[in-house]
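Taken straight from Swiss-Prot:
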- 6, 17, 213, 234, 235: 3-amino-2-oxopropyl phosphate binding site (BINDING)
- 8, 9, 44, 49, 99: 1-deoxy-D-xylulose 5-phosphate binding site (BINDING)
- 42: active site, proton acceptor (ACT_SITE)
- 69: active site, proton acceptor (ACT_SITE)
- 150: site 'Transition state stabilizer' (SITE)
- 212: active site, proton donor (ACT_SITE)
């Protein structure tokens, strides 16, 4: 099981003060030493965390393969092609969202996605599509020529939070109208859906990754799904690094995934 560590929120901390530290570039050696397999960054259209300057230096200096998340905006795709990361993961974007909400609609944006994939492939860049665990979306992902899909685990993660933490006693409530019995049932159904989606993806010749909202409490059941080859995790690791340091935070996540 590969672990991609998303370092966007190192840039978020830097940008909170609008200065030049912490520098995301400094994380690269730590990721390598801690056993990460990949560095993941998201070059958003609004540049709210990682900037073009960051992306260029990371792609040029990373010891590890770089997975760049991006929208299907042609201008962004051109930037990705110029930077030549190992992989581009196409994701949906809304400027008003706090974080990526839901997967990319491959059916609705098939033409635009095909154009993006063709351009990326012409620049020797692998393509992954960040999608909900929906059978129609998975089937279409194979048809448009992607090598990989990344299953959106956000619903699973939020159900786990609602069932197992105090999140609904905070301002950041999720699934607050569900009782515990319903939450448990929905969590089981979502995990089964992720398993079934993985099976379908593999049958269609796609590599399957997963990510979004995964943390130290909920990662193990997803890591245990046969057929998932990679997890991309960011916020939880960066948040834990405030208390443990980045290297130890990655090591702990790696141990959970491998255990």
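Using the three backbone atoms N, Cα and C, a Cβ is placed for every residue, glycine included.
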Taking only the Cα atoms, work out how far residue 49 (1-deoxy-D-xylulose 5-phosphate binding site) lies from residue 6 (3-amino-2-oxopropyl phosphate binding site), in Å, as a whole number.
12
Which ones in the same chain are close to residue 213 (3-amino-2-oxopropyl phosphate binding site), with CB under 8 Å and 6+ residues apart in sequence?
153, 154, 156, 157, 158, 161, 235
Sort residue 69 (active site, proton acceptor) into helix, strand or coil using the DSSP assignment.
strand
Where does residue 235 (3-amino-2-oxopropyl phosphate binding site) sit by DSSP, helix, strand or coil?
helix
Among 17, 150, 212, which are recorded as recorded positions, the nearest neighbour of residue 8 (1-deoxy-D-xylulose 5-phosphate binding site) by Cα:
212
Let me know how many other Cβ atoms fall within 10 Å of the Cβ of the residue listed as 'active site, proton donor'.
25
Max Cα distance spanning 6, 17, 213, 234, 235 (3-amino-2-oxopropyl phosphate binders), Å?
25
Most crowded position, judged by CB atoms within 10 A, among 8, 69, 150 as recorded positions:
150
Listed in sequence order, residues with CB under 8 A of residue 9 (1-deoxy-D-xylulose 5-phosphate binding site) and six or more positions away:
49, 234, 235, 238, 239
In DSSP terms, helix, strand or coil for residue 150 (site 'Transition state stabilizer')?
strand
For residue 42 (active site, proton acceptor), which of the recorded positions 6, 17, 69, 150, 212 has the nearest Cα in space?
69
Local Cβ density at residue 17 (3-amino-2-oxopropyl phosphate binding site) - other Cβ atoms counted within 10 Å:
9
Run through the Cβ atoms and count how many others sit within 10 Å of the one on residue 234 (3-amino-2-oxopropyl phosphate binding site).
24
